[in-house]
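K.L.:
Here you go, one structure.
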Amino acid sequence: MHTNSPLRADNQDLETQPLLRPNTEESQLLNDEVRINVANETLIKSRWRSIKCLIIYLLGIVLLSFFGVSIVQYIRGHVPPTDVIEKNLVQVTNFKLVEFQLDGWKDNMGSDLNNDTGKYLQVSIHSQIWFDYDKWPGTENDSDARSQRDWIRYINEKVLKTICIDLNNVTTFDGDLVFKNKLGDVVGMEPICFNLAHRQINNLQFKILVKPSIWKIVKVLKKFWNRDFESLNIKSNLDMTIFKRKFGTRFNLLKLNDEILDWKDIIDWEKISATPLRMIQNMIDGISLQGFTLRDSSSDGFHADMRLNPITILGGVDWLHLPPGTSIPFINWEIKLPDCNGEPAIAIPTLSCFNEPINLHHDKDNIVVCLQNEIEGPLPDELLYQECPQNSLTPMSQIVNAVLNQNETVTFAARGHVLEDGIDNNSLIPADMLEDIFQEASFIPITTNATFNSSELIQEFQINDLQLRWAARKKLSLVGTFLGFFDLSFYETHQQDRVRIDTIRGQIDLYHNDINFLNLPMKQWINSSSHILHDEDTGNTQMKLQFDLENDDMEVVNSLELTRTLNEILFQGFTVIHFNATIDASLTTALGPWVLTGLAGEGDTLVT
């Protein structure tokens, strides 16, 4: 048998097979061990990574906490409280009003202008605003204040840079925030945006709508006029949104709703109102008559046309602009005249006083006011016949004499009523609203100085046929005729009985060689006569007054000069003397009686 037969080969394989199997298992075990070791190493590395991440995370939390605490401490040390921020921002904010244009009245935000019945006043405002952070209070010697300022400036200039404000609504009250104290609402028609950089001037032009509560505003204006600043308690309820535009997107930063602003915290009412009140007072004080015409009326009274000197409305307020063609409509003025104490308490129901429409120029200068007056008699008894204890005159006599004395003032009260004439006068204030103003304001006292000087009223005094002689019982007697001529060129009349002088009293002082030697007292009322004349050259009205001098109760002031005067009369037949006359005249008019006092005049005359 051959040794290399197939059978032998198979036997050899079978013999060798057990010997080969243990080597394969050992290799497999080695591979498994390697894999286990690799897995363990990977697990260990993963665990170390997790531990490292955990440590880093915990360390990050600690660092962030420390950093957060540091930031909080920094903010606490550098960022002032909210109330300090608000107060100090007012100090660094600068505002200048360039133009305040009253556009007119509207029914609502979307409507056109309607000056007849509009409820909202549209106002166009041009103003400038800028921030001067150097004005932050206390930075000169307080490091905390400087840190606070630097923080606010950094946030404003580097972070915010610009902001915008939507003025949704601002409701203002005087007193508690209830309806009865409401002054009005202000609504913004467009956002207002400005730059927060240091001393960067922002030119702002925007429109607002104002819906006033007239009756309450008038009450507040009265407080200003009466300088009653202590009772002012003006607050505003703010509804506004502060936002920023970035990348074409709007980001709301702060929404203020029901935020209360107390205006006395930022405004000194007495200081800010001083200039406007002074301007208004100067305007009233400057009112004077430019022309005055009096004529008889068909109702047995008088009609008076009064033209005031052109006045300036709020002169010097260059920033205020009125709508072109604006006017004040026909207004009927209800008048009360002063009583004995000078208080305007006597109503005059028979007086009708109204102004013609007043055109308000754009420059507010040279505004012409014309008043038409219709008055019938008789006037109230308390005006004509009540005797005032301080001077035994009636209130009417006191008024007339004050008018004729350029050094005296007269206080009267007036309340207006709008007269609807059916013509579109483009009124500055809608008629119904203006009527509400007048009714709420009621009677407004006005003190004025009427520039109607009595010296201009007296044209000439004369004494004719004056004789000086010794009478019975060695009493000095003076007789003659006194004539007075009064300039009534303002009075258009052809009647003789509408105005007349019935009696006079007073005193005449006589001078010789500039020495007062004799006085003629007329303590009792003396009958007189008067006549209406018309100047032949001008046609102007005059009044001639005449009364007889016949008095034995002379007062000798200088006996020596009296002797010289009588000697001249004795040897020359006459002498020239100078006289000063001061008389009171009792008038009877279609309106009732009154007394003119202190009518003074002088002249020269011959004495025989």
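Every residue, even glycine, has its Cβ placed from backbone N, Cα and C.
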K.L.:
Can you dig through Swiss-Prot and tell me which residue of Ser27, Ser111, Ser231, Ser297 is labelled phosphoserine?
P.N.:
Ser27
K.L.:
Looking at the candidate ranges 1-21, 442-462, 484-504, report the one that Swiss-Prot labels region 'Disordered'.
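P.N.:
Residues 1-21 are the ones Swiss-Prot records as region 'Disordered'.
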K.L.:
Have a look at Thr24, Thr82, Thr117 and find the one that Swiss-Prot tags as phosphothreonine.
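P.N.:
Per Swiss-Prot, phosphothreonine applies to Thr24.
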K.L.:
Check the candidates Asn40, Asn141 against Swiss-Prot and report the one noted as N-linked glycosylation site.
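P.N.:
Going through Asn40, Asn141 one by one, Swiss-Prot flags Asn141 as N-linked glycosylation site.
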K.L.:
Find the one among the glycosylation sites Asn115, Asn141, Asn169, Asn527, Asn580 whose C-alpha lies closest to that of Asn407 (N-linked glycosylation site).
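P.N.:
Smallest Cα separation from Asn407 (N-linked glycosylation site) among Asn115, Asn141, Asn169, Asn527, Asn580: Asn580.
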K.L.:
As a test of the contact definition, list every same-chain residue at least 6 positions from Asn115 (N-linked glycosylation site) whose Cβ is closer than 8 Å to its Cβ.
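P.N.:
Correct list: Gly104, Trp105, Pro323, Asn426, Ser427, Pro430.
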K.L.:
Quick one: pull the CA-CA distance for Asn141 (N-linked glycosylation site) versus Asn580 (N-linked glycosylation site), whole Å only.
P.N.:
76
K.L.:
Would you kindly give the Cα-Cα distance separating Asn169 (N-linked glycosylation site) and Asn527 (N-linked glycosylation site), rounded to the nearest Å?
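P.N.:
Counting only the Cα atoms, the answer is 74 Å.
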K.L.:
Where does Asn407 (N-linked glycosylation site) sit by DSSP, helix, strand or coil?
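P.N.:
For Asn407 (N-linked glycosylation site) - judged by DSSP and reduced to three states - the answer is coil.
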K.L.:
Can you count the other CB atoms that lie within 10 A of the CB of Asn527 (N-linked glycosylation site)?
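P.N.:
Other Cβ atoms found within 10 Å: 9.
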